[in-house]
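Let me begin by presenting the structure, written as structure tokens, before commenting on it.
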């Protein structure tokens, strides 16, 4: 690929970013889109926003960027949770290390690569990108020690910054544990693999076991019931039966007309919903209602066991309950809103088989995905593509811009479209594994998506570029490091265009919320449905965390070999820092939190990226016949692995369990303050498996008519208009300083005066 093709791809993506960001700054001010761009804030504040024509709403602005940058870490922690802070710290770490790498490599290594051989250089736009990589350096060059020293500096600074962030997030995790309000999950243990007894129920078995072996700390328990779709329908029928059973002696007025509704698509009317004969339905359904109400739910071999103190719950979750590890398996319970009820009644003995099956399914999917990746990689190699498809020779030779488009922009676009199918499939695999919480399911999907993207975006693209010219590369695994050293610098062109397409363009589409806008439009104007004020999406950590870590991997591996990628990556991380902070504060709502458990995933990925970079550089130095640079790289690999082991021993245990010292201090503080009884009382209603069965009292319903009905009662409606609650008359979140209320009153006054003037003129003409 030439520089001109790269500039074509960069120009297209820069234009898309500017367009999307400008549209976002306008669309976020429109009252109709407030549910899309301020879903979290609206869900928390329950504000009712009014529309008004204001010129500022239609002018692009950068105020949202300033607000996102001014937000502190404490505000993010309070608004979006510890996971959001961890994600933000990953971006901060990436910006810091790649700012240093860009300064060192662009101004230090890039000129050495460009002038690595004594060749005649043409104009920069016509130069090949391979000229700017380490492949252009001569064999046995004396300047390779600069690459080795730069690699040492980047690796050392990365480890120091990583350790600082590790300690900071571990401290936040402990503060999050100790300073938070008492959580039911701290006192609760989820027990699975409960042995069944012939004469006793599951509840009696659990009560007898914990009364016997945990008598001093055991409080009570709650058995999990197996509920499928049929049982959920029966629960709804029970609730409806309780609500309407007092209407059995009433008669329905059959003279009332049936309501007709106009179809939103074709405009036709429908009489599909008609009143039924209630007496016939009551007589026919007496036996069915009786059978439904008499059905009992099926007990599962799982239960929530509650303890008197946090320390007792921790001890019960860490120790082995019996000599059979497959029975009475205890783990700390997730938060009540985080429980994934559908997997609780899965037999514990099935889980190992499910994990093996999903692992095999994920591996098969990864290898099947190699087929389109190999084809896409062929698009960036124009000469071999013309040999495979001869009919393209004439088109690509006659039209120069087509060559730039095919080699510079098309491969990364096709790959990005195909990658949209990965996250849902990996989420399905994670669900089939049997996790007991939503956060665990999303974290498992995050690991799968990360492994998938690293394999298919990095390794598969590098190896598929070699496969096109040398099909036996996978037949000799011992030669893979050498092949990586040969192929990675040559594939830097594709990775640069991938950063532009998957990085810059995806951030602009993320801030625009295209899917949310389309869904709101279809729901409001096509389906004619009311706004769903309850649904607010949660942040997709399982897609965004792997994307950021993949770009970090590309930055580390190509920093010394192909430094031209670093400015594009730095722009991505800076733009992502602003965009993701804005989305976390305004758009997404946090329903559950892992307590910072995404950070060990990020730390392991960074260590893997550093070691992989050092191994590839070792192979490159060997190919360039530089024994000094290769010899000094080996101790760097050992030091990086030792640093990783130190972090695993020093800080990782804080992310696996809770310290007993802090839990005991919290228990003693609750006893001294007298809150322990209140906490125990709240545990009885914490884990409610059937929230729909709670009998909700019928309240008065206020029916608001349409425009025609309001016109018929103008006097009454007019009185209601003038007596509105001033607290509900709120302006748009982005236009808080504007006097919307006064503007509306001024418009009404002017309209009233114009009407009086017209009425006076008409009376003069009549007179």
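Keep in mind that glycine also has a Cβ here, set from the backbone N, Cα and C atoms.
Automatic prediction, not curation, is the source of TrEMBL annotations.
The domain 'CSC1/OSCA1-like N-terminal transmembrane' annotation in TrEMBL covers 5-165.
Here TrEMBL flags 6-27 (among others) as transmembrane segment.
For the transmembrane segment (97-116), the list of distant contacts is 131-134, 136-138, 141, 143, 146-147, 150, 153-154, 157-158, 161, 552, 555, 559-560, 563-564, 566-567, 569-570, 573: same-chain residues at least six beyond its ends, Cβ to Cβ under 8 Å. Feature annotation from TrEMBL assigns transmembrane segment to 97-116 (among others).
Nonlocal intrachain contacts for the transmembrane segment (143-164), taken as residues 6+ away from its ends with a CB within less than 8 angstroms of a stretch CB, comprise 93, 96-97, 100-101, 104-105, 108-109, 112, 116, 134, 137, 556, 559-560, 603, 606-607, 610, 613-614, 617, 621, 624, 626, 628-629, 632-633, 636, 640, 643, 647. Annotation source TrEMBL lists transmembrane segment at 143-164 (among others).
Look at TrEMBL and you will find 186-343 tagged as domain 'CSC1/OSCA1-like cytosolic'.
What TrEMBL lists as domain 'CSC1/OSCA1-like 7TM region' is 354-621.
Look at TrEMBL and you will find 356-376 (among others) tagged as transmembrane segment.
Cβ atoms under 8 Å from those of the transmembrane segment (409-429) belong to residues 8-9, 12, 358, 361-362, 365, 369, 372-373, 376-377, 379-380, 441-442, 445, 448-449, 452-453, 457, 494, 497-498, 500-502, 505-506, 540, 542-543 of the same chain, restricted to positions at least 6 beyond its ends. As annotated by TrEMBL, transmembrane segment applies to 409-429 (among others).
What TrEMBL records for 449-474 (among others) is transmembrane segment.
Taken from TrEMBL, the feature transmembrane segment covers 548-578 (among others).
The feature transmembrane segment is assigned by TrEMBL to 598-621 (among others).
Packing against the transmembrane segment (628-646) from elsewhere in the chain are residues 144-145, 147-148, 151-152, 155, 159, 163, 604, 607, 610-611, 614-615, 617-618, 621-622: each is 6 or more residues past its ends and has a CB under 8 Å from a CB in it. According to TrEMBL, the feature transmembrane segment maps to 628-646 (among others).
What TrEMBL lists as region 'Disordered' is 705-735.
Annotated compositional bias 'Basic and acidic residues' per TrEMBL: 718-731, in sequence order.
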Mean per-residue pLDDT computed across the domain 'CSC1/OSCA1-like 7TM region' (354-621): 80
Beyond the flanks of the transmembrane segment (598-621) by 6 or more, those residues with Cβ under 8 Å of it: 83, 86-87, 89-90, 93, 134, 144, 147-148, 151, 155, 158-159, 162, 165-166, 169, 443, 446-447, 450, 454, 481-482, 484-485, 488-489, 541, 545, 549, 552-553, 556-557, 559-561, 629-630, 633-634, 636-637, 640-641, 643-644, 647, 652, 655
